[in-house]
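The following features are taken from TrEMBL:
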ACT_SITE  A:Cys327  active site, cysteine persulfide intermediate
BINDING   A:Gly73, A:Thr74, A:Asn153, A:Gln181, A:Ser201, A:Ala202, A:His203, A:Thr239  pyridoxal 5'-phosphate binding site
BINDING   A:Cys327  [2Fe-2S] cluster binding site
DOMAIN    A:6-368  domain 'Aminotransferase class V'
MOD_RES   A:Lys204  N6-(pyridoxal phosphate)lysine
Amino acid sequence: MQERIIYFDHAATTPLKKEVLDEMMPYLTEQYGNPSTIYKLGREAKKAIELARERVAKALNAEVQEIFFTSGGTESDNWALKGVAFANKDKGKHIITTTIEHHAVLHPLKYLEGLGFEVTYVPVEPNGIVDPQKVKEAIREDTILISVMLANNEIGTIQPVKEIAKIAKERRIIVHTDAVQAVGQIPVDVKDLGVDLLSLSAHKFYGPKGVGALYIKKGTKIHPFSHGGAQERNRRAGTENVAGIVGLGKAIELATANLTEYASRLQKLRDKLIDGVLSKIDYVRLNGDRYNRLPSNANFSFEFIEGESLLLMLDMKGIAASSGSACTSGSLDPSHVLLAIGLEHEVAHGSLRITLGEDNTEEDIDYLLEVLPEIVSRLREMSPLYEKVKKGGR
Amino acid sequence: MYSEKVLEHFMNPRNVGEIEDANGVAQVGNPKCGDIMKMYLKIENGIIVDAKFKTFGCGAAVATSSMATEMVKGKTIEEALQITNKAVAEALDGLPPNKLHCSVLAEEAIKAAIEDYLSKQKQQTQN
């Protein structure tokens, strides 16, 4: 009998949906044509890619020719940032972002800094949300790009991208948003948001891994990502991942079709989880704004314990979750996001991220609420930091 | 990532707790880095008769603490001082490279607790 796993790590990845796989299968087997070829097999593959492009465009309220397929969120972010920076460097070399962006944004920006670009990292408020006014204050004469994520991958907070884009437009500054965590969770409309570029990744909404898309608003000055063949309208050379793209198209269509119902169900489960943890366990805090967060995300810090130990013990109980702990990454520093919202290092080490998905039920939450207090208590009994608290000190 | 032995020691750590009348106690590590080990030793006639620990840290930190306390029990001070982080890691069937610092902490905890015992002994003789 297969051991039951309760999966609470949907921000890391989601399982591929059967309907998505079914649409992908022919393009992995009999429909193997290269979409750049002119015979029927190739034409069929090309047609499948264009259908996927239409589906992505529809889901984002974009134009079909504004959608470009990539290998995932990281590539989309890299392309957006480097592509805009290189293409607009005659106008200026200043870029604005926030301190809680994903490494797929922060690391390319570090790279650009090495090439002479200047980056302002706007800090977020203690609730994990950036103040648009602070972004406005960071704007300079030579600012060419603002990149602010739509929803944070660790604490789930939703950022005021629409307001930021409005401010940027007054100064004709290009705006990019990393919407990797947001698509399939909250409505994402590029026209309503007013952004010029938007990154997404298929495996975050029950699609395949290794495929994503970048929305590039018509008229946005950007360099191609790769040079070679004429694929993706000469902007991203390389034979297309046909099956992956087909999967992305189907997955985004499904994810946006029942979004309200899906989000409302997850939000109820999330709220039950948050209320349960906060009432059953002491010395715990919820990271990120209580309400302005993704319906699937709950992120806690348990004082006096370390996140990886917590994850291992949860794993022994059949629960897969994530942590803001540094131990899993090999670095001694805990998550930059948790530090950015003002957590002390030792508190940030004891963090747990629960991200819900389609298969989670109320019973899963009940089970977590049953085992989590025991585990936290067991680890605290082992902790010299908690020993101090029990003896009346800190 | 972790050996079966590391996981076994993590799930069933030996010697967790405090020793009321410990005569060698030390705490090493830093909460900022995510690892603290507190080691309690009971030493009689130069022999470690009991060892316990409390640890704030990852799975490897707990497992190395557990193994280190097992390894020192019954040993003379001199023998215990010879225990290296490598020996602790080997006794656990190895540690991932990024977790080797946990075994270093275990070695440091043993040495610091013995040092505490020796300094107390010295003080007693001086008094």
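Any Cβ shown, glycine's included, is placed from N, Cα and C.
Please treat TrEMBL annotations as automatic predictions, because they have not gone through curation.
Positions of the features from TrEMBL, shown on the structure.
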{"residue": "A:Gly73", "record": "pyridoxal 5'-phosphate binding site", "CB count, 10 Å": "27"}
{"residue": "A:Thr74", "record": "pyridoxal 5'-phosphate binding site", "CB count, 10 Å": "20"}
{"residue": "A:Asn153", "record": "pyridoxal 5'-phosphate binding site", "CB count, 10 Å": "26"}
{"residue": "A:Gln181", "record": "pyridoxal 5'-phosphate binding site", "CB count, 10 Å": "28"}
{"residue": "A:Ser201", "record": "pyridoxal 5'-phosphate binding site", "CB count, 10 Å": "28"}
{"residue": "A:Ala202", "record": "pyridoxal 5'-phosphate binding site", "CB count, 10 Å": "34"}
{"residue": "A:His203", "record": "pyridoxal 5'-phosphate binding site", "CB count, 10 Å": "23"}
{"residue": "A:Lys204", "record": "N6-(pyridoxal phosphate)lysine", "CB count, 10 Å": "27"}
{"residue": "A:Thr239", "record": "pyridoxal 5'-phosphate binding site", "CB count, 10 Å": "12"}
Need one number for the pyridoxal 5'-phosphate-binding residues A:Gly73, A:Thr74, A:Asn153, A:Gln181, A:Ser201, A:Ala202, A:His203, A:Thr239: the maximum pairwise CA distance in Å, whole number please.
30
Can you give me the average pLDDT across the domain 'Aminotransferase class V' (A:6-368), rounded to a whole number?
96
Look up A:Thr239 (pyridoxal 5'-phosphate binding site) in the DSSP assignment and report helix, strand or coil.
coil
Would you mind reading off the Cα separation of A:Gln181 (pyridoxal 5'-phosphate binding site) from the residue listed as 'N6-(pyridoxal phosphate)lysine', to the nearest angstrom?
7
For A:Ala202 (pyridoxal 5'-phosphate binding site), which DSSP three-state class applies?
helix
